Amino acid sequence: MPGSQVFGVGTNITDVHWQSGFTSSSQDPVWSSTANSVVKMLLISLIVCVSLFGNVVVLLVFQRKPQLLHVANRFVLNLLLADLLQTVLVMPFAIAATVPGVWPLDARLCQALVVLMHLFAFAGVNTIIVVSVDRYLAIIHPLSYPTRMTPHLGTNLIICTWVLSFLQSTPPLFGWGAIDFDRHHNVCSVVWSSSLSYSAVVSTFSFWLPVFIMLGCYWMVFRAARRQNALVHPVQTQSYSQPCPQDFQATSSPQAQRQK
């Protein structure tokens, strides 16, 4: 399931005593070591920098060349937006959480952070589904694609990805599922075992269904490509196997026959 942990959250508030600037009393010596914290901080910072650089570069390309924003690339832009928001709004707290034993947010902000993390992750997954269907229609039905995938429909699909992501990520705030603070690892995460029904719904709509849709779309694209190749390949083979007129004349000339 996407993003089961964010570096710091909670919803069983009756079980965990929340306060701003929470300090853990029991720390694993391995995780709390200074060297380990520095390594984690450097790695997460590197990921943030690379993600920020890549997303901003692509965003600048779209900004400088708006003619690239056709329907298919709007889906790419939406995926970029989800990744960029994840990088800017969530990942800095992941860096802060590498400081052993300290989490700077209170319970409500911690819960909001986990919801945002899952919101952006689910938005990315849902957008990838839309991209898969879009590529299927463009390749399998190229003639009807422009009339099917209109800019208006593309905009509605993008809105649907965010609405669905919101519905997937917010139930723990209303009691269906739970968000709790992990004292051992100094992270906040969804407690999937607190609601098996919520876990089943999330796993179905955020993992299994997207996998089946993507595999189905790309498998049909692959089959179409193979059929097209099977139609083209014999023609190419025949054209390569036909002798040139000059070769036929050379072999049929009297001089060539005398040489035989």
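Keep in mind that glycine also has a Cβ here, set from the backbone N, Cα and C atoms.
Over in TrEMBL, the protein carries these features:
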| type | residues | note |
| --- | --- | --- |
| TRANSMEM | 41-63 | transmembrane segment |
| DOMAIN | 54-260 | domain 'G-protein coupled receptors family 1 profile' |
| TRANSMEM | 75-99 | transmembrane segment |
| TRANSMEM | 111-133 | transmembrane segment |
| TRANSMEM | 153-176 | transmembrane segment |
| TRANSMEM | 196-221 | transmembrane segment |
| REGION | 239-260 | region 'Disordered' |
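Confidence over the domain 'G-protein coupled receptors family 1 profile' (54-260), given as mean pLDDT on the 0 to 100 scale, stands at 85.
Only residues 6 or more beyond the boundaries of the transmembrane segment (196-221), in the same chain, are considered here, and those with a CB under 8 A from a CB of the stretch are 1-2, 122, 125-126, 128-129, 132-133, 135-136, 139-140, 164, 168, 171-172, 176-177.
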